[in-house]
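Asker: Below is one structure. I have some questions about it.
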């Protein structure tokens, strides 16, 4: 969730199993990964996803700001740090102004559209193009996961510099209005000293976070929706007055919204928790301020990912690796829920519009 991260994890992390790029559920019970055909264009799917991204960004950015502040803290600063998610929301709003909670919203919105365009276009190409390297090589059961993960990698590489800008803005405690300009100047200095590759600092950790997240989220989402569908079928079977259970394509908009929201929130929250250590490492690497080349070489943030996470564990314990997990889960769970439900309902609405248009012709 985010992006899924939103984002975003940013949910900016959506996996779509249908060959046409739609995120559709199986029509038969207990069959995971078999898509239901929905007549919606790629543009309509991308519009639904972008709408979900905008809603998600506006609603969960305050939690993301608190998460970054929590994770960027080190032992040297803990005497004046935020103690919890609610404590962070209160202190930031009181000491820095309520609008500080939406710091980094501009680059977040800048990330949402290109990330979704790259993700969905890349996914569609990998799933449907005859030139796709996956064609006839990966079974239908695993093709959505493979295509989604690879598309997620491409999207992460493309928007990594923007994500670094957002992370640095959110980590800053400056109350000046020119925070974006100051952050850009700081990034320019880093590029001058270390080269353009510094803009992708933390990318490996981002990929370590995003690809496992996508796997956890995908299977969790599929499992959750399947269990909800089965529970509804059992309810109809035990009470004939409810009538025949509906197939997935016949579900009402409200049912689609409820199922996707609940399954997305649960799977997103669980996936966010287990990938928190990688998110902590990414945040530390992207927010570190270098005070000279000599010191930079010895900074733990410049170590390889496994060594850096081991350093955090040795110096701060397991709690250091999971610092900010509550803020991350509280941000990712609703982000995933809003993103996937907006996408699913938007896709269903688009399908209904297309059906009425075709019937009128």
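For all residues, glycine too, the Cβ spot is worked out from N, Cα and C.
Note that TrEMBL annotation is computational and uncurated.
As annotated in TrEMBL:
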- 1-30: region 'Disordered' (REGION)
- 40-129: repeat 'Solcar' (REPEAT)
- 100-121: transmembrane segment (TRANSMEM)
- 139-227: repeat 'Solcar' (REPEAT)
- 141-165: transmembrane segment (TRANSMEM)
- 255-349: repeat 'Solcar' (REPEAT)
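Looking at the shown structure, what environment does each listed feature sit in?
Answerer: Mean pLDDT of the predicted structure over the repeat 'Solcar' (139-227): 78.
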Asker: From the DSSP assignment alone, can you count helix, strand and coil residues within the repeat 'Solcar' (40-129)?
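Answerer: DSSP classes over the repeat 'Solcar' (40-129) add up to 78 helix, 0 strand, 12 coil.
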Asker: List the helix, strand and coil residue totals of the repeat 'Solcar' (139-227) as derived from DSSP.
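Answerer: Helix (H, G, I), strand (E, B), coil: 75 helix, 0 strand, 14 coil.
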